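Worksheet: the structure to be examined is printed underneath.
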């Protein structure tokens, strides 16, 4: 038999990750060389205690246990290699290579066995899975439950971080199975042990996250939070930052500890440890060290005996042990004089602290955003009321934080702070825009151009100027056309025409004929000018100068074909969006060139508009005079025709209805005849006498009835 066996492409399982390499078995022992790192693991033959052959995901595997409790796993063997390995183990290591298959029933209850540094979960005699206890970083107990947490493996894409075991209660007196389970784990696990005496202890401190009251024991290398339900051991190496923040009521203080990796409680992760202190609470503290040790370790930052406010003592001790600076609010002051702003984040209300290098929000959930992470900030109008606004922060990774319900009075202070820190403000200029007109509010958005808004503004200006021009013309027309004398004559004419129409229609009430035609004549005449006025406003003179385009519209007309050629098949809406993006990215010098062109066009428009307005007024005066003259001539012609046609109508009527209209007409005819000339009187009277005799008193009485 050969003295050595070599296997290529063998995988060694280390902390959940598989490292490929070469495995060599010799008389002296087992050697594995990692292909990636070149690391060599050497197991002496005298140290081997047990060898197990089993089927695994990568074919077949070999598990080796040493006498000091270490476990080594190698996968990637072929089934045909079992006989060769078994014979080699018998000949050189005096070990029987046992075959043990894993249980694949899928049950989640079984028996836990502790063997060396290995925890094995078995169903019957078959193991389901095994956990190297050296991978355990934390072991916590609850009611009938034990939770194991593991060290994170940076080499593996996916790592197992937590396993929970339910331990049923037993009837044995004096033995707690949960504690016995935890002690077996802790005896072999790589867990921070609270060995020795604590440097100092702070009792019953109020903790907001995780919520509850905890005793804080300060050890040289870690912080121990001991509560009624949970214990947390926090190494100082996981502390990133320390914050000391005054509450808005000026009576309390927040002490915030930023952690990475976070502490875990079930599925919840706490990246921040937040303690709340009252400013009035004092403490006298004595360190559990002699003065020489204190001086040597802390170099004057701490003394053996200290006294003062509780929050000052905690922050001072943490600063000395963690060796990190404590961040406090800078020179920001809100509207009320506080160094924070009351707002809401998600569903909870809290406080936002603008710091010198970032923002921090406490306390549910706590959020810390550094300035170098921020892509831009945005001030948005409140969704529910105009008395508040929202402050939005978007990071470079695309995460957006919205702090809502901020009082309107805080706007100026927060805007000045953000502007002083030179953060990119998405809607810069809205500080003044909150009290400005709509046009100024819209123009202030320089970072994102809106082509649709630009077009609406141009159309609004056109409508406003057209309305002003038409109102000037309509005012002159109204003044010149208003003539009471002429309107009275028109009423008489309307009355005559209505009376003749009603008389020829048949039977009717004389009172109704007296009143209704007169009312109709007035209403119709009053409405006619009002109907004409809107028509004059709506009409647009095609000869009027066209409104000048804005700088953006001039650029868009010049660049539209180029954009279409660069993006074939682009739609109108997409073209507008693309144009807005290009205009936004354009340099200031190029924009100024188009601004000059727009200014020249505006001056040309104003000059042309002045010339047009002078000509249009002269034309309107000439048109008014010709209209009045023509209207007067039409009235005179119409009046003469009515005078000649009225006697013939009365003479041809023989029915009672026609008699009523004749008496009615004769009365009006006399009134109109009085205003005529003497010659027309003689001619009319001669014609009337020749045509028919005057009506009798009976006819007139019947007509009045």
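The backbone N, Cα and C atoms fix where each Cβ goes, glycine too.
What TrEMBL records for 474-496 is compositional bias 'Acidic residues'. What TrEMBL lists as compositional bias 'Basic residues' is 517-531, 624-633. The compositional bias 'Basic and acidic residues' feature in TrEMBL is assigned to 532-544, 634-645. TrEMBL lists 545-613 with the feature domain 'HMG box'.
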Just to be sure I understand, if DSSP states are collapsed into helix, strand and coil, how many residues of the domain 'HMG box' (545-613) fall in each? 56 helix, 0 strand, 13 coil
Need one number: mean pLDDT over the domain 'HMG box' (545-613). 87
What DSSP reports for the compositional bias 'Basic residues' (624-633) is 10 helix, 0 strand, 0 coil
